[in-house]
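These notes are about the structure you will find just below.
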Amino acid sequence: MLIKLLTKVFGSRNDRTLRRMRKAVNVINAMEPEMEKLSDDELKAKTAEFRARLEKGETVESLIPEAFAVVREASKRVFGMRHFDVQLLGGMVLNDRCIAEMRTGEGKTLTATLPAYLNALSGKGVHVVTVNDYLAQRDAENNRPLFEFLGMTVGINLPGMPAPAKRAAYAADITYGTNNEFGFDYLRDNMAFSPEERVQRKLHYALVDEVDSILIDEARTPLIISGPAEDSSEMYKKVNKIIPHLIRQEKEDSDTFQGEGHFSVDEKSRQVNLTERGLVLIEELLVKEGIMDEGESLYSPANIMLMHHVTAALRAHALFTRDVDYIVKDGEVIIVDEHTGRTMQGRRWSDGLHQAVEAKEGVEIQNENQTLASITFQNYFRLYEKLAGMTGTADTEAFEFRSIYRLDTVVVPTNRPMIRKDMPDLVYMSEAEKIQAIIEDIKECTARNQPVLVGTISIEKSELVSNELTKAGIKHNVLNAKFHANEAAIVAQAGYPGAVTIATNMAGRGTDIVLGGSWQAEVAALENPTPEQIEEIKAAWQVRHDQVLAAGGLHIIGTERHESRRIDNQLRGRSGRQGDAGSSRFYLSMEDALMRIFASDRVSGMMRKLGMKPGEAIEHPWVTKAIANAQRKVESRNFDIRKQLLEYDDVANDQRRAIYAQRNELLDVSDVSETINSIREDVFKVTIDAYIPPQSLEEMWDIPGLQERLKNDFDLDMPIAEWLDKEPELHEETLRERILTHAIEVYKRKEEIVGAEMMRHFEKGVMLQTLDSLWKEHLAAMDYLRQGIHLRGYAQKDPKQEYKRESFSMFAAMLESLKYEVVSTLSKVQVRMPEEVEELEQQRRMEAERLAQMQQLSHQDDDTAAAAALAAQTGDRKVGRNDPCPCGSGKKYKQCHGRLQ
């Protein structure tokens, strides 16, 4: 109560921020007459003037009023569009390292031109990040004339572009692209084998469009570049045959359950667990199928991989539903993004889940993958010196933006007042009653020529509503992952009088639904439209526009509540743009996932007390409040998951930054001989210490063991025992020096054969290749550690602290292994002629190229809307170390083309 009173008196933090910025808006408005007097050339010359002022020491912030006034004037001349005052406010918020919440239709794309221009003046580059390739291309092409008028270059970063084109895009002042592509380019740059292969510059300023989708919805999914691991597709097929024999337990509480269930499903945490009865049955079935020996336990250490297959198959059958979580198209399982409803071509679930779903659907099972490099969006975007974002729905997630990204959220007022009517939710007992009520609502709207947008949370639901509308004889369009190719056309005409559009969450984010339909789309459909035709189309559109306004504007129907209030608000936000009329209503049933899992008992108890009859709906503030509480519960749980993921990933992130910094230093130098000499000393010291402990008696020395180790690991034949016999005066220190001196002499003789330049080149290649190989293994080890670390909680230990401690030990061990492997490899290389070194270098390059190919996406989709573990694959079968070499020599691969020496 007191807080509300103080807010009324002094204003909220948001009000105070906007009040401060409005003073700057007044200054910009005062400059407008002065800017209007400038010729085009004088206006263009302002860019060079601003850059010169920055070089002399002025700050970017000091240029805001003048730079914004220049962009506004340029926009008037190039587009015929003048930035509203609220757009100037939005531009200042974005420059201030904040999230700008701007409602749908308020011109976020035009607003972004202000901070993009201002921050590009420094010459360090600006990245404008969008959720899909279509929006990146559209926004870049739309804004290009304005930026080029002001002397700025614009680049577009798209998947599948060759490296030179990408480098050119990144070298531009302003680069448009998707969050995925920026992230993958960062990972690929840190797998490059020469500085010329890198494409990105230093990460300076990122302006993220639909920031809630990218930094929150996708924060739990890391970007992963992976290569093929061993083939185990047959095992997935065998285990898949067993799963249909298992019965799902009716209740999750197995202690009180007396029925016949073999596994329980926890829908909240999306986990499946075998019951005691289920374990006994599955062991019997595995023995019967010849997969496991009689008397063995599924939980024995020898069967860990088998347990992994069983768990993956159970999850595939019990938790993942066709046309909800994925679709099957052209014999391929394609993931559907739960937040946007878009297909995510080329993406694959990790931990064998994708293979288990492929086995379930009877399509070809593709190989599992091994992580080569990974990063979360949370950690990628925190690498930028300056980060800002904009969206129509951010205020509900303001706490998360602040605590994780240190970004404040500022709600920018609308240019015109919002007059959309948001009606209370209607709750029905059953799904069938709810669908019937939705159909009746649509009939009423179409009867008065009011356009309707029906929002669903899955493809399955959108098709269910579509079938009912077809039965009722109502014409409609369906916009979901199966028909996304027509997205732009469907969204463009969704505001037509009486139009009915069913959409999953993809609902054309980034594309406005114009009341009366889009006259621009009609003009674009004509080959060579005359001015008369354009005027005719505009006049017809005006009639339709007025007709729709009279009918009440666009009506939004939500078929169920999403887990997040923000995504419900996004659906509502499709209506009521720029002060237009509109309305919205959500229809719910007790069978909806959210109600069933989080709110069922309380709400269904209320409904029973009210004595509801079939077909009746409840519309009460208590129910709306209970649903909002259920959504808050889910949002809070999801926030905790994202926060926990970040805390664990922060540990890996510190290591990633250290490795990538070391790798980039390596790439940028041509001579690593000093480093090699230094680590050679360290490696030989550790090796000798293992057999000749420091300050020990001669009786404690293991000379035969040391000689064998030097021979096996460093290819050094040293008669150490002979030296000691012939020279009794040799003591521990002089012996160490002699071993190291001998090793250096042997290495120098190799260098004399091939030449110093070639050897330096080869040393660098070996260091890079060894670093990449060990980092890849370290990532896999960190994954395994992460999966089991929660069990330390049972021993009264903090899992996070244990993870930090163990991962640090593993990282330190990896760095020691790196030194050892590099020195060992370089010592064992047998060279007689320069040509042989060239051949070895060629082999290393071929391996690097193979990895580079694996990083390319196997499929591209312009509409892909961001992260999930992406496995970039190659069609080639991986050659095992002990397989015959493909060259036909008859030798094992490891002894032929798989060797380094």
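Numbering starts at 1 and runs along the chain as it is shown here.
Glycine residues also receive a Cβ, built from the backbone N, Cα and C atoms like all the rest.
Annotated features, as they stand in Swiss-Prot:
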- Gln87, Gly105, Glu106, Gly107, Lys108, Thr109, Asp512: ATP binding site (BINDING)
- Cys885, Cys887, Cys896, His897: Zn(2+) binding site (BINDING)
- 858-891: region 'Disordered' (REGION)
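The ATP site, placed at the center of the C-beta atoms of Gln87, Gly105, Glu106, Gly107, Lys108, Thr109, Asp512, has further neighbours from the same chain whose C-beta lies within 8 angstroms: Met102, Thr104, Leu110, Thr111. Ranking the binding-site residues Glu106, Asp512 by how many other Cβ atoms lie within 10 angstroms of each Cβ puts Asp512 at the bottom. A sphere of 10 angstroms centred on the C-beta of Gly107 (ATP binding site) encloses 18 other C-beta atoms. In this structure, the binding-site residues Gln87, Thr109 were compared by how many other Cβ atoms lie within 10 Å of their Cβ, and the smallest count belongs to Thr109. Taking every pair among Gln87, Gly105, Glu106, Gly107, Lys108, Thr109, Asp512, the residues listed as contacting ATP, the largest Cα to Cα separation comes to 17 Å.
For Gly105 (ATP binding site), the same-chain residues 6+ apart in sequence whose C-beta sits under 8 angstroms from its C-beta are Asp512, Arg577, Gln578, Asp580. Within the same chain, residues at least six positions away from Lys108 (ATP binding site) with a Cβ under 8 Å of its Cβ are Gly90, Ala100, Met102, Asp209, Met390, Thr391, Gly392.
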